[in-house]
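For reference, Swiss-Prot has these:
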type: SIGNAL; residues: 1-18; note: signal peptide
type: DOMAIN; residues: 23-273; note: domain 'Fe/B12 periplasmic-binding'
type: SITE; residues: Glu72; note: site 'Important for BtuC binding'
type: DISULFID; residues: Cys183-Cys263; note: disulfide bond
type: SITE; residues: Glu202; note: site 'Important for BtuC binding'
Amino acid sequence: MMKTLSSLLLLFSVSLQAAPIERVISLAPHATEIAYAAGLGDKLIAVSEMSDYPEAAKKLEKVSNYKGINLEKIITLKPDLIIAWPAGNPAKELEKLEQFGFKIYYSQTKSLKDIGDNIEQLSQYSDDPQIGLNNARDYRTHLEALRAKYQNLPKTRYFYQLSDTPIITVAGQNWPTEVFRFCGGENVFDGASAPYPQVSIEQVILKRPQAMFVSPHAIQNNGMWSPWVEEIPALKNAHFWQLDADWLNRPTPRTLLAIEQVCEHFASIEQKR
């Protein structure tokens, strides 16, 4: 494979940095959504395997998935810009793309603010930058409206389950923790050393969360918590909800929908107090 890559590199050794941005590749679902929001939809030529929004993204060639990046295909497609996800794309493969001279925009999202910033920064590569600037402005305006609406929600201790075999959750500052925090959520596993720790049912029972959230596609055993209704306040009080995984787990303008969904659930708890 490396011999083939080297041959391709020699063929395309001209500098890509100085070329106008006409051909764009996205390596993550959220990056694809951000690209469309930034006005780059007409320039996208390939995306990641799970890029399914907006609808037009489904028709594009696929060059990456959870296993890695198809370097040979990307080199053949000769993109002017690659939108990468440093938290999800293999670092060594991104380094190789850099060595080949490709221009890479790293879509880092550690805060809700970063979503608007990513849209705005990528808009410079659009033929009509105003599209991205308008979408970034609309996102920020809507975010502040939600902040004003839900700023007085009380603190609620929650548990967010990403999968059931094993049970995986989120810790620390890792996405989508900020969505829950925006709504007054306090992660019961916030202090875990791993970013996405594996936990046990016993640990969840001991943490006594007031609310529990799951993603429908990640939960295969719908009855796994049934025996523990009396031990976990969230279950005893029927504060157990499914969330739209795409809204929540992808840092895009649709995160606003996730915020409203989570905040409304926390608000319903407050109404019962």
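Quick reminder: no glycine exception, Cβ is built from N, Cα and C everywhere.
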Sparsest-packed of the listed recorded sites (Glu72, Glu202) - C-beta count within 10 angstroms: Glu202
Inter-residue C-alpha distance, Cys183 (disulfide bond) and Glu202 (site 'Important for BtuC binding') (nearest angstrom): 27
Cys183 (disulfide bond) in three-state DSSP notation: coil
Taken over the domain 'Fe/B12 periplasmic-binding' (23-273), the model's mean pLDDT: 95
Cys263 (disulfide bond) CB neighbourhood, other CB atoms within 10 A: 22
